[in-house]
Amino acid sequence: MGTPKAQHPPPSQLLLLILLSCAWIEGLPLKEDEMMPEPGSETPTVASEDLAELLHGALLRKGPEIGFLPGSDPDPTLATPPAGQTLAAPSLPRATEPGTGPLTTAVTPKGVRGAGPTAPELLTPPPGTTAPPPPGPASPVPPLRPEGGEEETTTTIITTTTVTTTVTSPVLCNNNISEGEGFVESPDLGSTASRSVELLDCTYSIHVYPGYGIEIQVQTLNLSQEEELLVLAGGGSPGLAPRLLANSSMLGEGQVLRSPTNRLLLHFQSPRVPRGNGFRIHYQAYLLSCGFPPRPAHGDVSVTDLHPGGTATFHCDSGYQLQGEETLICLNGTRPAWTGEPPSCTASCGGTIHNATLGRIVSPEPGGAAGPNLTCRWVIEAAEGRRLHLHFERVSLDEDNDRLMVRSGGSPLSPVIYDSDMDDVPERGLISDAQSLYVELLSETPANPLLLSLRFEAFEEDRCFPPFLAHGNVTTTDPEFHPGALATFSCLPGYALEPPGPPNAIECVDPTEPHWNDTEPACKAMCGGELSEPAGVVLSPDWPQSYSPGQDCVWGLHVQEEKRILLQVEILNVREGDMLTLFDGDGPSARVLAQLRGPQPRRRLLSSGPDLTLQFQAPPGPPNPGLGQGFVLHFKEVPRNDTCPELPPPEWGWRTASHGDLIRGTVLTYQCEPGYELLGSDILTCQWDLSWSAAPPACQKIMTCADPGEITNGHRTASDAGFPVGSHVQYRCLPGYSLEGAAVLTCYSRDTGTPKWSDRVPKCALKYEPCLNPGVPENGYQTLYKHHYQAGESLRFFCYEGFELIGEVTITCVPGHPSQWTSQPPLCKVTQTTDPSRQLEGGNLALAILLPLGLVIVLGIGVYIYYTKLQGKSLFGFSGSHSYSPITVESDFSNPLYEAGDTREYEVSI
């Protein structure tokens, strides 16, 4: 039996069918000939699809593919994947795109048993995903030969497997944080996204404003041995590399760390299968400060504030001159710093001192700018009618190479009253016969360092000179030291009066020629003694002079029974062969705590009980070469426990501690409530000696307003330059300008918060006459209606519905005398005509679109029904008389968002 020929419609019908089928082109499924066949397989011949087949395939077409949402690129937040692995979803082959042929039917010629490669041969799972194993090869489908000589057809049942996966949020790993306070937590290590990588490598970058640092506190820390957390400070600027603050082994819960810059990095690494619960860290910004400037040798420094804007003022001891800037300012920056290098204090070699009242002459440092050979001459001149008293505070001269001469007068020819080559050092000092003294120092390469300190003071001729006691204090009954005045002497800790015992007072006698009835005593460091004060100092014999050989001194230190002794070695420089021994107990028979020889750096020693014994031994005989300066040891009693004393929180504030117990290294951070400022250091540290680094601060209510500032083209007057509560600031403008705003601002207090000004700072604007309101047009309105408009202000006009605006929509007030509008106000006229293009709006537009579309659809359905009847087939192609040989084709979408889903079967016959 031959195959009947296919009937074709006439040309006019074909033309109509082509025009009507254009609307279906976009939604047609792919044909089987677009799929790539398996290499080596036979390429089938596919017959051209007629209109019925195209319409049938479109009716069974699936919905659009669901792809990645916009902005779901996981790269900014996910951890870095291992080398060679990518997190981007691979593109799908054309044959696997949803909706591209879930059902294909075609006329199969005789002898063709296959329609192309099977679905498992075309669908390949993307890398890194798992998919069900492909089914076995499909059996060849024999052609069906219906009775009655009908056309041979092929029926296919396609099984579509849809894989569905719940899309999880990406793991927040790499992150830049700029808030002033918050929390940093480890990523959710149990999520699918984090398990898809072999190594989790996260960096959290926290940065705040310049001038602020970052303080972190570890609240939770539970990491496995394979996990690592690094805390780094700095970075982010050229030449500023991050500096490691701590790692996992150094961190603990409750620990507080501070970054000295405005940037801090947290670097976290975790294996593919983490075992710990991660970390939680609280961070907050704090105000950075400049470091405390170093105190110059022979001088001191006073600091108003270490925060930006604070000042450091330097000054030198008497007899020294300041070299450098006297005042430095703390400047704000990534790391606040002072405006310059700290100055130094140097002693000058010679000079003239006019109108001398009280001061010192000090020898220059050995080996300085003056070199080893010195020739220094000083002239000290007091006011008319006064004389000078010169006290020898410290003198150490080389007998062979140094010489000191003092003359009573102001020239080298004045009479000599002291010569070091011939006279001993006068204990009572020297008194000039005139109003001047001439001091000359000669030194030629001395074997020992030169030490010289002379104190001078001027006094009236009708009274005694003011007494002086080095390393001690003087109290008197008459500050003017007239005849009859008494002066009483006492020594500083570590010194004792010499000669010892009473009398420790002298009297000014003889009204005709006033003088003291006895010499001033001296305070000298003694060799040994018993000390039972809570705090004190132990000095080497004759300190600050060099000790002499043949010393064997023993000091006993005793404090309360429940205390122990902290000994701090400030200076230790003894000769070779000399030794200082410390015994942990009462007497030299106790356990040896330490033996100190030669030069030693600063160190601290702690006794186990309330007693400590010190023994210094210097063998007799000529001293070894070199000068033994001696030693200075400070001691004080401390508690026996290992914690610093408890400090209460400040009133109107609070404090936070880095540790629960106040152990060594604990940091206390103080803060005040709004409206209060902190007086003192905001950070206290428990030091090694179990004392706090500074006194606890206090919170003081802020009673001043911030400086409101000046105004342009004007000036101000303030009732108080400090702007306290209740003060006033009055503003005035220059001629030609007018004040906009309140002329007087008042600083008033608030219960909560800092004091505030009563109003904003005014402005000075050019003085012009305002423009009058031009009026509202009939059938219209204007915005911002008011009677007067200042120069530069604009006014907009609008018309009601049904009216059109004739003229300028916006007019502006132009400054002048008088000010004028840029144009006349517009008019609102009735709309005469309507634009035809605007009639097609709303429902009319929808009707214009939907009516032709509906006609096309109805016409297409009619053509389809007509064509179906013409071919003699049922309307929908269903037939109960056919037998089927189902072919199951399984498609596996290679989209990583889907896995393990549902299965659908479609059974179609044409």
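Cβ atoms here come from the backbone N, Cα and C positions, even for glycine.
Fair warning: this is a prediction, and the values are worked out from it, not measured in the lab.
If you compare Asn176, Asn332 in Swiss-Prot, the N-linked glycosylation site annotation sits on Asn332. For the annotation N-linked glycosylation site, the record in Swiss-Prot points to Asn517 among the listed residues Asn517, Asn641.
Annotation in Swiss-Prot places Cys349 in a disulphide bond whose other cysteine, of Cys330, Cys345, Cys376, is Cys376. Among the candidates Asn222, Asn355, the residue that Swiss-Prot annotates as N-linked glycosylation site is Asn222. Of the listed residues Cys771, Cys799, Cys828, Cys771 is the one Swiss-Prot pairs with Cys813, by disulfide bond.
Predicted-model confidence for the domain 'Sushi 2' (462-525) is 86, expressed as mean pLDDT. Ranking the disulfide-bonded residues Cys330, Cys464, Cys527 by Cα distance from Cys747 (disulfide bond) puts Cys330 first. In the three-state DSSP scheme, Cys330 (disulfide bond) falls into the strand class. Here the CA atom of Cys202 (disulfide bond) lies 68 Å from the CA atom of Cys376 (disulfide bond).
Taking Asn373, Cys508, Cys699, Cys764, Cys799 as the recorded positions under consideration, the smallest Cα distance to Cys705 (disulfide bond) is found for Cys699. Of all the Cβ atoms in the protein chains shown, 21 others lie within 10 Å of the Cβ of Cys699 (disulfide bond). Per DSSP, the secondary structure of the domain 'CUB 3' (527-638) breaks down as 0 helix, 61 strand, 51 coil.
Cys523 (disulfide bond) has none of the recorded positions Cys173, Cys202, Asn222, Cys349, Cys686 nearby, counting only those with a Cα within 10 angstroms of its own Cα.
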